[in-house]
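Before any comments, here is the structure.
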Amino acid sequence: MLFRRSCTYNVEQSTRHYAKSAVTLCNLGVGATFGESVLHDLPRDSTVVTKTTCELLRVEQQDFRLIWEKNKELMNDIFTNCKLKNGFGPTVQASAAATSPTKRPLSPDHPNPALPITETPSPAMNRMGWALRILLVADNSSCLKDRKVSGKLIRKCAPGTELVDWLVNLSPIVHTRAQAAGMWQALVEEGVLAHVNKEQPFKDKCFLYRFRLDEEGGTAAAGVPQAEDLGAANEHIREGLSALFQRGPDATLRMILRKPSHERTSEELELVFEELVHIAALSHLSTSIKRELSSIFVFEAHAQAGTILFNQGDEGRSWYILLKGSVDVVIHGKGTVATLKTGDDFGKLALINDAPRAATIVLKENNCHLLRVDKEHFNRILRDVEANTLRLQEHGKDVLVLERVAKQRGQHSAFKYTVMSGTPAKMLEHLLETRLGQSVGGMDPFLDDFLLTHIVFMPVVQLVDELANYFHCDAHEDAQTPEDREYIINFKKRVIQFMQKWVMAVRHAAFEEPSVCDFIEDLAAEVEADPDLNEETSIVHNVLTQMARYQEDRNQNAGQKWKLPPNGQPICLFSGNATPSKTVIRPDDDIIFRVYCADHTYCTLRFPMHTTAELIKACAADKLQLNRGPEDLVLVEVKSNGERSVFKDNDVSIPTGLSLNGRLFVSVKDHLDALTQLQEQEGPTEGVDIDLEILSTKELAYHITLFEWDLFWAVHEYELLYHTFGRHHFGKITANLDVFLRRFNEVQYWIVTELVSTPSLSKRVGLVRKFIKLAAYCKEYQNLNAFFAVVMGLSNMAVSRLQQTWEKIPSKFRKIFQEFEALIDPSRNHRAYRVFVGKLQPPLIPFMPLLLKDMTFAHEGNKTSLDGLVNFEKMHMMAQTMRTIRFCRSRSLGLEPPSPKSEGEVRSYISSFRVIDNQRVLTAMSQKVEPTRKL
């Protein structure tokens, strides 16, 4: 609308000027176009005056730019044709070209995704290309043939579809056509394979591709391969195909980022967005901005170290993020002032301030990869974000910031705005007024985010007080109009619905605060007494039923007592019986544990789980007769490797937070260096001694999964928040999460301990095979936590160095293990695992350390408060991870039990493994069973 008004004003001014000295350049008729100078923010270079009554179609600047970006060639043709129609001949056109509004491009055009990103292929990719070509040429039914294209003979080329077919059939590790296409693209981007006309990246279509070797010709490309070459190629494929498989997803991503924005499909944009979510330099940006960036980020590759990306004093044209490599920041007169590494960004300041570059950027190493956003797009995004932002103010201050929801293709949202930030009270008011009382299917994402994370910014007591104020808003009103009464009843209904959604979202945790139970009973009494609330009776009864179940369960388990055994075993019930299925550790449960002092004497204490470190150290010091004031003492964990970790005085859940084989000490602050680990800490924890060879591997995996499912089931989503922000901030325990995390380490080090404790080479070989099969069964049962633990145990340095053992492992098992290692590969933020787990359906046990990493990433990369308002975008990111936990156990576990052979023994064995977690000790034991070979 602003553009429209200014245009009207210019026409009026121009009319007066026209009457005095204007020269008519041309007359425009029906179908003519004008005004394209808005594309580049340039002033109008002529005046347009209506001669008759006119009807026009107008395109706003922002929309015009989007159309131009997607259809540059077509739009150029239209403008050229229109100029000729309007009377501008070649002479005028040449003159116009001199003053054309088209600016010099702000940065290089989109790189061609069909071309290599390196000057020469890496040796590994060159060798892989050679091996694949040898097998293709040797295959008589191969797709690699001489073909005629447009009358020209192209030697040894093949369609993309047939290359994908061949690769999928070559190896079982390639499960999908998309994976195969990604692997071929990895060869294309290194120049090992290429489109015959250098016009296309690799596509699973009928485009023709050929190997670099065939382009160059020569003896290496001619004839049928020798038997020796064929054998070498087969061996190389067996050993190296998994490495190409791992490179496929990254190559696909780089190919997408080298395509023009308008050619990226919705699936490709989603893939880019998923990558951007995990880039630290973008963590502070909203989801909507990241989605915008998904379509405009451009990939750049620079082969040579020493290349200058831009010079100090240059115009700021682009913002960069380092994906791979490093750059030096050089300032005149000072030299190199900083070195930026992978994940760092630079160049944004010059764009924001519209100022010259403040430093020169020089590539420090070869083959640097960067993401680039050009100035035009950068500024457009900032403008669009502000245009789509709605700010609600009270007393001149922002209290709620909303952002318009962008419609995603194929998706429908019942809400036009999402909450970006706000005061806790205003966000609750917004929820009650706009997100409840509507017939919308499922849980509203904003409501769910609020219920999962409100404890960070709005404690339960405060939330209940606010809800009570809304529910009793009529308490002080004597006379009410029918409209007032209707409004009040509707608000009461929304509060009741909020309570129902709260209980659905967080389950028993909603009832742990007494004020919540009191409020629910208050609601029930009022609903019973008010006929206008009859429709809500069933909702309230359902909530009361849930609360009664919680209280009954709590009463049944009151006085529950746990113990932390002295010899490193995991926590267990004091009764000595096996821990009942799905037993939750509660804050007021007692736990019995030992606390040592520097001379290794100890006392045994019994405290509730929620007891603070300060109270534990004071009681231990008294029992151990340490005559020091509490301010001089600290509570410390001494780990099996001698490391010391000091607890904060207000920390809770202390005994369950100890590491494997860790011990609790109380010490004078100044004497921490005198603390040493106990002798038994260097040995294994106590566990059932059994010959693993007699146990069925599948039965072992089955019972491990059942055992760990119960541990996982006991972990509440809130515990992830307590762990991330710090238990001491909430005064809440994370005992169930602690036990589950400890289990991961226990399984991992159990694998290592068993292998380095086995002196017989043949038995070690048998154990490695058994553990690879165990990982396979855990993967089949979707116990990914145990799967990771087993594979990481086999990858431990003390195991991987056992060359004699691994040499005797059959190639079939080594290949399976390589696939498993590819799946747990941490590169690209565990991309391989995320893609795999994204295709699974519940029930499953996720890799918990990665979920905690995501929580920490969201926490440390984003402020909790922005300008005095809760940063709700951060809450949304954390709630997404918490919802993963909910999704994984949204169905009950119902595994088909294997034929039982020794069920009792297996269940007893897997509940407490013999474990050494001191890496130095494990490495020494590994050296003992297999001394390092002398060269």
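Cβ atoms here come from the backbone N, Cα and C positions, even for glycine.
Nobody curates TrEMBL annotations by hand; they come from automatic prediction.
What TrEMBL annotates here:
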type: COMPBIAS; residues: 93-102; note: compositional bias 'Polar residues'
type: DOMAIN; residues: 9-67; note: domain 'Cyclic nucleotide-binding'
type: DOMAIN; residues: 138-213; note: domain 'DEP'
type: DOMAIN; residues: 281-382; note: domain 'Cyclic nucleotide-binding'
type: DOMAIN; residues: 415-548; note: domain 'N-terminal Ras-GEF'
type: DOMAIN; residues: 589-671; note: domain 'Ras-associating'
type: DOMAIN; residues: 696-932; note: domain 'Ras-GEF'
type: REGION; residues: 93-113; note: region 'Disordered'
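Remark: secondary structure over the domain 'DEP' (138-213) totals 26 helix, 20 strand, 30 coil, with classes taken from DSSP. Sorting the domain 'Ras-associating' (589-671) by DSSP state (H, G, I as helix; E, B as strand; all else coil) yields 20 helix, 29 strand, 34 coil. Under DSSP, residues within the domain 'N-terminal Ras-GEF' (415-548) fall into helix, strand and coil as 100 helix, 6 strand, 28 coil. Across the domain 'Cyclic nucleotide-binding' (281-382), DSSP helix (H, G, I), strand (E, B) and coil residues number 26 helix, 41 strand, 35 coil.
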